[in-house]
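Trainee: For reference, the structure I am asking about is given below.
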């Protein structure tokens with residue numbers, strides 16, 4: 001068993017809560033938890049705590065919710081806990097240099113990619129969209145840059161042809177805690193071997209936008225099929241029909257020449273609505289009109305066949 005460490009945990013969403021849960025079941029002592037302030041959510045816009053806050057309070061841990069760690073008073077909250085290390089997982093706030101240097105072993109971060117590939121806010125979605133064959137998690141020593149610190153530990157997993165960002169998120173949420181506990185053991189025992197990132201291999205995973213999720217029919221069918229999986233469950237790929245946004249949950253590639261302008265419906269069957277793209281045909285198999293639940297192409301054709309007349313050009 002490795003030496004027990006005094007840990008500050010900083011994180012916000014469910015992905016982070018799964019890492020906190022692993023720490024709470026370990027030999028280490030979580031001395032305080034930092035998470036984002038409660039946010040309005042739902043139709044009533046009621047203030048809701050983060051998943052990390054809910055878990056921390058269930059274990060009677062001290063919870064801190066500053067909107068920034070730049071003020072010295074907020075930095076003092078970190079210093080006063082006397083931690084050996086700070087573990088950061090999808091926290092959402094920038095840690096100033098002073099905070100990074102406060103714990104004896106500094107601050108480490110669990111990142112959802114195999115660095116230096118996909119530094120940034122949306123590594124899971126970008127790796128899927130790019131057609132990567134594998135991804136994973138990297139535990140790194142944090143510095144003042146964006147995901148630029150030395151790498152301490154990596155675990156990888158394959159990306160399958162069926163993966164969505166939702167399924168990949170779940171895979172990495174299983175790998176992350178394993179890698180985190182292994183890294184903490186190495187740091188506690190003095191056996192960690194930091195590895196500098198190769199700057200020649202860097203690529204960036206910019207934050208996603210809803211407008212970016214609008215289907216661009218000039219892309220190839222293969223690119224669009226990956227995009228649909230990458231943007232599921234958020235922000236969801238979408239197209240516009242009759243002035244209404246329609247989300248696309250699932251599609252497949254038909255490797256045939258379309259012989260039509262990109263965006264043209266070439267066939268509408270119960271198996272899927274076939275649309276010409278920049279290269280090949282994309283078959284839309286599960287769609288969700290505004291205000292409705294997701295449904296099969298067959299069910300949508302039964303109610304809205306006029307939307308999908310072959311020869312119609314989608315925006």
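The backbone N, Cα and C atoms fix where each Cβ goes, glycine too.
So Swiss-Prot lists these for the protein:
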- 113, 114, 115, 116: (6S)-5,6,7,8-tetrahydrofolate binding site (BINDING)
Trainee: Which residues, in sequence order, are found in the same chain with Cβ within 8 Å of the centroid defined by the Cβ atoms of 113, 114, 115, 116 at the (6S)-5,6,7,8-tetrahydrofolate site, excluding those residues themselves?
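Mentor: Counting only non-site residues, the set is 111, 117, 118, 119, 123, 136, 138, 147, 151, 154, 197.
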Trainee: Counting every protein chain present, what is the number of Cβ atoms, excluding its own, within 10 Å of the Cβ of residue 113 ((6S)-5,6,7,8-tetrahydrofolate binding site)?
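Mentor: Step by step: centre on the Cβ of residue 113 ((6S)-5,6,7,8-tetrahydrofolate binding site), count other Cβ atoms within 10 Å, giving 24.
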Trainee: By a simple count of other Cβ atoms within 10 Å, which of 114, 115, the binding-site residues in the record, is least packed?
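Mentor: Sparsest of the binding-site residues 114, 115 by Cβ contacts within 10 Å: 114.
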Trainee: List the residues of the same chain that sit at least 6 positions away from residue 116 ((6S)-5,6,7,8-tetrahydrofolate binding site) in sequence and have their Cβ under 8 Å from its Cβ, in sequence order, or write 'none'.
Mentor: 147, 197, 198, 199, 201, 202, 203
